[in-house]
Amino acid sequence: MPGVPLALSALLVVFLVLPVLALLLRGLNAQFLPTLLGPVVLDALRISLLTTSCTMVLTVLLGTPVAWLLARYDFPGKTALDTLLDLPIVLPPVVAGVGLLLAFGRSGLLGAPLELAGISVAFSPAAVVLAQLFVAAPFYLRTAKAGFMAVDRDVEDAARTDGADRWTVFRYITWPLASAFLLEGLVLTWARALGEFGATILFAGSLQGRTRTITLAIYSALESDLAPALVLSAVMVLVAFTVLAVVRRLGSLHTPR
Amino acid sequence: MKKKLLMSTLLLSLGSASAANLTVFAAASLTDAFAEIGQAFDAKTGHTTRFQFAGSQALRTQLDHGARADVYASANNAQFDPLVKSGLVTAGQPFLSNRLAVIAPKNNAKVQTLADLSKPGLKLVIADKAVPVGDYTRRMISAIDKSGAYGQDFSGQFLKNVVSEEPNVRQVALKVQLGEADAAVVYSSDVTPALRPNVRVITLPTRFNQSASYPIGTLKDAASPEAAQAFVKFVLSGEGQAILKKWGFLKPQ
């Protein structure tokens, strides 16, 4: 094998792997289980699981129709809409947080009507979900749209000529054929939602057992008690690895062989 | 004559060589005052001073993990003394004291008096307990509790109303400035000219208030120890203290 590329590759691989190893070495110690079962870590895990689950449900419910419409229909302003929906992917999360606060906060654009309706979003678990939805749903939209576009239209047309209505075609043809894409998008969305930090701390604040997700708990623990921070970091490494493995597997399902 | 000239050239060159780049880690509450002190100090000495402002506990963690700095100014001793004990910071000295202030948005009348803070359904924002001001805040509510002035379970009700525990005092103040919190506990020095148009200060009886003492010290392995010491001296000098007073801080006790 050529020497120089090999040496450079080794350098990069070591650089990328070393911090991960360090996290696991420090995090997976004798204190791992007791710390994992402590209230700080359990609360953070519970909040993260709960909020990301809500985010997933909302993403599928609201994102699938949008992705389907964008893949199937042409209308004026479609490109502009497409770009707008991608915007949160490139927007810094802190900016997203400020935007959410200025839109849904008490003195925000929709603040007064929401307040009248008795709904107060900021600093609630709902705010965590909205922050996650805002920064993460576009990942699902993108992959789902690609999935719907990859479905062979002839198959759908054939089903329609055989008398299937629009919903039946979607349920039994389009959805299954695109499902590998949809799942991949969902996993990516979930990972992004799980790691959300900037928008959450601005819009939802940070309160243990209510809005303090795993990432916020790591940040706050780093400033007082390192042990939970290290345990949570190790948990995040394991979760991230699993997510990537799943995405890889799903990716191999829909690549043409 | 020639010797004298040589000496003065040497001194001059030494002088210019000692224009240092100084890094100061300082509590978030010092943001405005230290920015001004830095300008005055630089103008006087020719040094270049840069600041990192954050919650004292965050700065302490960074210093513990090898962050390079020349001076550390903390908002309490709890986040300062451990660094002295571990030998990272040379013994410090108090350079100012500060008081707490309860603030509320100007256009929101939900909180009028201290007693209102325990009314159900409020949104209070305070600092995390590791943040100095968060620690002082908890001391304040337990002092109120002990006095029994506002009922048996004032602190329980108060803490039930807390919707966020923020990483530093300026984030706490921001939530009131944005109108998102009904009230918050900050330092009186945080009610800066920039914040004042947006907030009301709620009277906090002296017996409940907490005195925050800020220590300052130089780092043991400061890149330019002399400049670091000069900065500390400047903060303690009449000129430095005048700037601190202007920004609402009190004399060290």
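One is the number of the first residue shown, and numbering goes on along the chain from there.
Here the Cβ of each residue, glycine as well, is placed from N, Cα and C on the backbone.
Remember, it's a predicted structure, so these values are computed and weren't measured experimentally.
As recorded in TrEMBL, the features of this protein are as follows:
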SIGNAL    B:1-19  signal peptide
BINDING   B:S29, B:S56, B:V169, B:Y187  molybdate binding site
Other CB atoms within 10 A, centred on B:V169 (molybdate binding site):
31
Maximum Cα-Cα separation (Å), residues B:S29, B:S56, B:V169, B:Y187 listed as binding molybdate:
14
Please report the number of other Cβ atoms within 10 Å of the Cβ of B:Y187 (molybdate binding site).
26
Look up B:V169 (molybdate binding site) in the DSSP assignment and reduce it to helix, strand or coil.
helix
So, three-state DSSP: helix, strand or coil for B:Y187 (molybdate binding site)?
strand
Write out the long-range same-chain contacts of B:S29 (molybdate binding site), meaning residues 6 or more apart in sequence whose Cβ is under 8 Å from its Cβ.
B:A75, B:N98, B:V133, B:V169, B:R170, B:V186, B:Y187, B:S189, B:D190
Just counting, how many other CB atoms are there within 10 A of the CB of B:S56 (molybdate binding site)?
32
Around the molybdate site (B:S29, B:S56, B:V169, B:Y187), what further same-chain residues have their C-beta within 8 angstroms of the site's C-beta centre?
B:A27, B:A28, B:L30, B:G55, B:A75, B:N98, B:A127, B:V131, B:P132, B:V133, B:N168, B:R170, B:V186, B:S189, B:D190, B:A212
